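Here the structure is laid out as structure tokens; the discussion comes afterwards.
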Amino acid sequence: MSETTDKKKPPLNGRRALPSNNSNDEENEVPEVEAFGLIPRGFNPKDYLRVVDIHMFKDINEQQHHTDKYYNPKLIVRRGQPFQIQVDFNRPYNPETDQFWLEYLIGRYPQQNKGTYIPILVRDVLKPGEWGAKITHKENNSIRLSIMSSATCIVGKFRLYVAVLTPFGILRTHRNSATDTYILFNPWCQQDAVYLDDEKEREEYVLNDVGIIFHGNINDIKLRSWSYGQFEENVLDACLFLMDKAELELSGRGNPIKICRVASAVINSRDDNGVIAGSWDNAYTNGVPPSAWTGSVDILLEYYSSKKPVRYGQCWVFAGVFNTFLRCLGIPARLITNYSSAHDNNANLQLDFFLDDEGKVDTTTTKDSVWNYHCWNEAWMTRPDLPVGFGGWQVVDGTPQETSDGMYRCGPASVQAIKHGHVCFQFDAPFVYAEVNSDIVYLRRAKNGTQVIENIDTSHVGQLIVTKEVGRDGMMEITEEYKFQEGSQEERLALETAVMYGIKKQTTQDASYQPQTDVDMEFQVQKAVLGSDFKVTITFRNKSRNTYTATTYLSGNIVFYTGVTKNEFKKHTFSAKLEPYSSSAFDVVIKSSEYLSDLLDQASFHFFVTARINETGKILATQKATVLEIPALRIKTQGAMVAGKEMSVTVEFTNPLKQTLENVTLRLEGPGVLRTMKKEFRQIPMNSTLIWEVKCIPNRPGLRKLIASLNCDALRHVYGELNVQIQKP
């Protein structure tokens, strides 16, 4: 630390003697000689026991602590588990006459009672989960120590000093950054709040540095790979910096609940200039479109160096970066996708869709929306702040949707509490409960100004909640961890519990609401590739002996994946004759020329079909999102794939559109194989194929993944991936 900064006195604060200690980066000056009084003239520090060198045994410690994948020159260990170091003195150590101890310090104002100054005396035995050191081996001038850290200690980067007691004062080693030690959460340690007992799950949720993000929609699930890259160079420092940025007191950094809460705010740039600026308007000037990112590393490192929000992200980008942060610090984490996710603006468990006289949704009065999908994270931890039974997976969400205690953040909220309707428990459980449980209510304003309920859909929202399988790239459904079977006794009970705990639920047992029960209507959208025509088939089933006519209106909208409409590109009204006891199907053709010019990022459509049964005046309403098939990138490799040897990777793409693609950006990355590479292409004519070849030198053996994305204004969300087995040299 430079002289000038240390001389500046911190501003006085009448409430505390010391300023807040919320930066892992700042240091204090530690005296190398701390005299007990006047030092006699003949005193020579060299006459006493003196430390000549300290060996950190990085390789063996990190293998035992599951930290050997971190690309970092310093020792990284996990808390609550012993690690070894060796201290070389200038002469043999004599326990009868010599006394020394270790000191671990963090931050600028180390204090013992805050856990930021930790003196460790040498003892005969180590107590599990408590700070201590014992000598395991003595040879010549060296001793080997086994050091145990506390299972609740602060997570961060500590400075190490060795102090020797002399009659006249304490002699310390000088500041040596090579002995700095990172201490992380330890899911392998039973006393740690993040302890996870299944080794396969620990390998997935802590050590896997690539993952799968599920997107698309409920009828057409799509997946893409994401590089978390939590072990890459400088990523750990960037993650520690996020806690400094959030001004989390160092003394609170042993608590995963606090870390998750502040991180969910600092991941987004709203109200604190956090990591990622969100943009949902399809205009990504001066930034990278959310769909172009292939992983978290570029985003975190850019933020760490520029200290300015990185543009741009949407929900899966916030969740991908949050997952990297959690796994990097050692908190088990997974990325979740909720299909048909409710964004309920007033948390009343119902999304109000207002229909106009034609039966079409009125976008000016409808404020709630259903996202095709929404990604958040789950982090694994105990919840000593809640009653027993609410530990385990906790929802945390870095996407800015609504404020919580005045900031855009969400969680941690216990998944178990959400399932059982116990939404009184902190943090933000009512909001998450609404995301997976809201009803959709179709309302029409009658001539006299009253609102008439036309239709209620209780099963559309939160139909499917998924995450990546453990140890494989498939999809694992976890809907039943969030909610009971739709319509079951338990589900009603959980809902009543949530209402009792203050979730506003408007009564839908409205006397005026009597739906048409003897006619069913549904529709199917044909699967289609971007750029082709497809059809929508509407089917009526008349279960009565009456003949009905239904005036049917189909509205096709181009939407953001958040369910917000950009524009209506298709209107089609027809009259359907419904014979008694029979089904009838009607096709509506959607031409590519009708939608291509307005298409957004994710090629998402949303169809509303409303039908008025003319004989009864009752309305049937249903809605469905659909996504076009987007062509994929092809990745190939050539030559031997050996760590430390050059190999060649080729990315290919064929333009499927009836137009030339302009200003195309390709990105390619693979943790342990190559750092992110980018290339720009001016044009790709229709039907022509682009080929990009790169050379790289993989640095880590094992099964790795290459991930590529292609991006231009006319086409986004184009991905490709390839698993590669890198051999040992």
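A Cβ is built for glycine as well, from the same backbone N, Cα and C atoms used for every other residue.
The shown structure was predicted, so the numbers you read here are calculated from the model rather than taken from an experiment.
The region 'Disordered' annotation in TrEMBL covers 1-29.
If you look up TrEMBL, you'll see 307-400 marked as domain 'Transglutaminase-like'. Across the domain 'Transglutaminase-like' (307-400), DSSP assigns 15 helix, 41 strand, 38 coil.
The number of other Cβ atoms within 10 Å of the Cβ belonging to C315 (active site), over all protein chains shown, comes to 27. Marked as active site by TrEMBL: C315 (among others).
Taking Cβ-Cβ distances under 8 Å and a sequence separation of 6 or more, the neighbours of H374 (active site) in its chain are C315, T337, N338, S341, H343, T399, E435. Positions annotated as active site by TrEMBL: H374 (among others).
Feature annotation from TrEMBL assigns active site to D397 (among others). Long-range Cβ contacts of D397 (active site) within its own chain (separation 6+, distance under 8 Å): S264, F318, A319, W376, N377, R409, C410, G411, V432.
The feature Ca(2+) binding site is assigned by TrEMBL to N437, D439, E486, E491. Residues within less than 8 Å, Cβ to Cβ, of E486 (Ca(2+) binding site) and separated from it by at least 6 positions along the same chain comprise T458, S459.
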(message) Within a 10 Å radius of its Cβ, which of these binding-site residues (D439, E491) has the fewest neighbouring Cβ atoms?
(response) E491
(request) Return the residues near N437 (Ca(2+) binding site), defined as same-chain residues 6+ apart in sequence whose C-beta is under 8 angstroms from its C-beta, sorted by sequence, else 'none'. (result) A342, L349, V461, G462, K483, L495, A498
(message) Name them in sequence order: residues not among N437, D439, E486, E491 whose Cβ is within 8 Å of the mean position of the Cβ atoms defining the Ca(2+) site.
(response) T458, S459, V461, G462, K483, G487, L495
